[in-house]
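Look at TrEMBL and you will find CYS445, CYS448, CYS485, CYS488 tagged as Zn(2+) 1 binding site. Taken from TrEMBL, the feature Zn(2+) 2 binding site covers CYS454, CYS457, CYS472, CYS475. Under the heading domain 'Helicase ATP-binding', TrEMBL lists 220-386. Summarising the annotation, TrEMBL assigns domain 'Helicase C-terminal' to 415-637.
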Amino acid sequence: MPDAQPHSPILRLALPSPLRRLFDYRAPTGVPRGALQPGVRLRVPFGRREVVGVLVELSDHSEVPADKLKAALELLDQRPPLPASLFKLCLWTAQYYQHSLGDTLSWALPVLLRQGEPAEARQERFWHAAPDVRLDDPRLARAPRQKQALQTLAQHPHGVAHQLLGKLQINKDSLDLLLEKGLVRVEVRRHRPAEHHGGWLAQPELPLNAEQRAAAEAVHAGFGRFGAYLLAGVTGSGKTEVYLQLIRQTLEAGKQALVLIPEINLGPQTLERFARRFNARIALLHSNVNDRERLDAWLAARDGEADIVIGTRSALFTPLKHPGLIIVDEEHDASYKQQEGLRYHARDLALVRARQEDVPILLGSATPSLESLQNAYAGRYALLKLTQRAGGARQPRFLRLDVKSRPLDSGISGPMQQAIGQTLEAGQQVLVFLNRRGFAPTLLCHDCGWISQCPRCDARMTVHQRSGELRCHHCGHAQRPPSNCPDCGKVDLRPIGAGTERAEERLRILFPEYPVLRIDRDSTSRKGAMDQLFGTIQRGHPCILVGTQMLAKGHHFPRVTLVAILDADGGLFSADFRASERMAQLIVQVAGRAGRAEEPGKVIIQTHLADHPLLVQLTEQGYFAFAEQALSERRAAGLPPFTHLALLRAEAHKPGQAEGFLDEACTEADRLLAELQLGSIELLGPVPAPMERRAGRYRAQLLLQGNARAPLHRLMNAWLPILEHLPGGRAVRWSLDVDPIDLF
Ligand code: ADP
Ligand code: ZN
Ligand code: ZN
């Protein structure tokens, strides 16, 4: 049957829906075909809601019967808001992570664009004095405030932006009255951030040392085309200085720089350093930026009106008019991987983007991920090393302290206590690292063995003494601790093990003359608390800092000369194959915060596994020796980066439902493997998740492991559309994690 409306094309839209398909609509009435360019947004009816979709393609044909096909309501853009290059990146992302394109665009676009806000730089109101106004106008005789406002406007022949009225002490009500009288006029025009003029540097650069210079020159030589560089520089070796000088060269070449940093590093310290150095327009994109500011920054970057874009994970999706250089700082940081919805890895996507846009990318870290190191060893990235601390400080010394059969006193052994005492007496600071918040990881009844199990998870609740609670760190459940054992009624309930609260309490008793400062999520949640703590530390008096991995990032503590690591064993025992890598990165990062030229640091690691080969490598030969050892273990075990993983997770309210769904999924995968003749892929599972019940749901998982990416993706491309329709999936929440970074 011929199409009823041969001239009206079918619009195929990506909508914010988890379904991995496009949705067909008719064009809104009265919109000419020429206005329907791929990439423009349209408002459409979707179920009982209205949503904003992105036009992907036009078609002359739809599977949907003509009488069921709905019309789009409104065309929102005259031109596509998203440049083609970024649209291409989103397509790639959706395909690689096996995610719906519509939902991928939702993660990638600023929230206001998803809601239909115009994608043009903000129009701003400017106030002008009307031509030929006179300050002695009789209508102003008894209106001194209006007269003053008019006088101020008259001094600004180009008008005053509405935003600046407050700064100039102009009263808005007075302006409205003046407007009624025709004495002022308003003009709406585009707000333009100040154009760049003069030199790019607001502050002189430091002369680079030989290693820094070699690194910067290598990257500079690669400007103008794709190339990946791994800057492996010990903490304090001046990686940031290398970034800054490369950014200056990028600006001089008339290009923009995109800098990604981990969430936690986006403190004022880092930002100030960039802002102080450059006389340039910097766009910031991080979680504390409001929606309007985010859109403005995004538009400024897209339109070439921001020179430097700095942001956390999702800033990766900021369009750039003249891309010149991408930098990923602390590239090993786990916060680059999004753990919900679209499970992308911003570092990995940054590489894809650099290749697509044909620009160099610089990954920096003191403790590069094993993935990136392997890429460097395989010749895919150029490895640039900075081995010396820039300020002349020496590297800390590492000691393993065997605590087998030594009593631990709130987690602190006798020799560790002595070392802490000696350091304090010498007038120096101590950093005690324990990656466990709260007072104790569990509460135990000494009479019957009852433990404080979370009612919603297969996990123990942590004792938080300060807040007088038992708290589950997995689902957030909190309750008052019982005064008697819920099972046997006796009162001998004891906290077992030590968290930061307990270590803090014990250290206060052991060293009463010295301040003990705890730095973890609980102690720094109050606004300004962190700054206050750091202020105290910077003053330099002897004190003890106790904290979690928050201590590993961003800050430097030059007066710390002893780093006490209370527990390294978790990283060596864990079932998670990445645990040892994370432990090594944490130890090295924490250690790197300490010491300066005159007072080299010492790092003491308490462990029951003092002879563990990974720990021996790390402490005696350093991170790279550790990494080589760990890589050879991964290779032998067939683990990433030598194989590729995808994890299908499922959870449901009733036991067995998640596994039921995964069983069906597994059968389908087996069938496809045979049909597509894909050899080298293994299906591992389904198995219950390591923590089977979490927040009241039962969880299970199925792991796919392949020697190469391509066959794994061929399987997933065929598999996912089937999974969407499996009957077992109805009662189940499931998600696919391509390149998972943890297997929980
Ligand atoms: P990283 O980013 O590797 O941790 P930074 O760039 O923060 O290192 O540098 C550490 C310290 O050394 C900073 O105080 C920085 O000002 C200083 N620094 C960096 N490069 C030089 C240099 N070439 N000469 C002197 N000081 C330097
Ligand atoms: Zn009991
Ligand atoms: Zn819980």
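Quick reminder: no glycine exception, Cβ is built from N, Cα and C everywhere.
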Confidence summary for the domain 'Helicase C-terminal' (415-637), mean pLDDT rounded: 89
Proximal residue to CYS454 (Zn(2+) 2 binding site) among binding-site residues CYS448, CYS485, CYS488 (C-alpha distance): CYS485
Most Cβ neighbours inside 10 Å, all chains, among the binding-site residues CYS448, CYS472: CYS472
Greatest C-beta neighbour count within 10 angstroms, which of the binding-site residues CYS445, CYS454, CYS457, CYS485, CYS488: CYS454
Number of other Cβ atoms within 10 Å of the Cβ of CYS475 (Zn(2+) 2 binding site) across all protein chains: 18
Residues among the binding-site residues CYS448, CYS457, CYS472, CYS485 that border ligand 2 - Cβ under 6 angstroms, in sequence order: CYS448, CYS485
CYS457 (Zn(2+) 2 binding site) - helix vs strand vs coil (DSSP): coil
Euclidean distance between Cα atoms of CYS472 (Zn(2+) 2 binding site) and CYS485 (Zn(2+) 1 binding site), Å: 18
Length of the line joining the Cα atoms of CYS445 (Zn(2+) 1 binding site) and CYS457 (Zn(2+) 2 binding site), in Å: 20
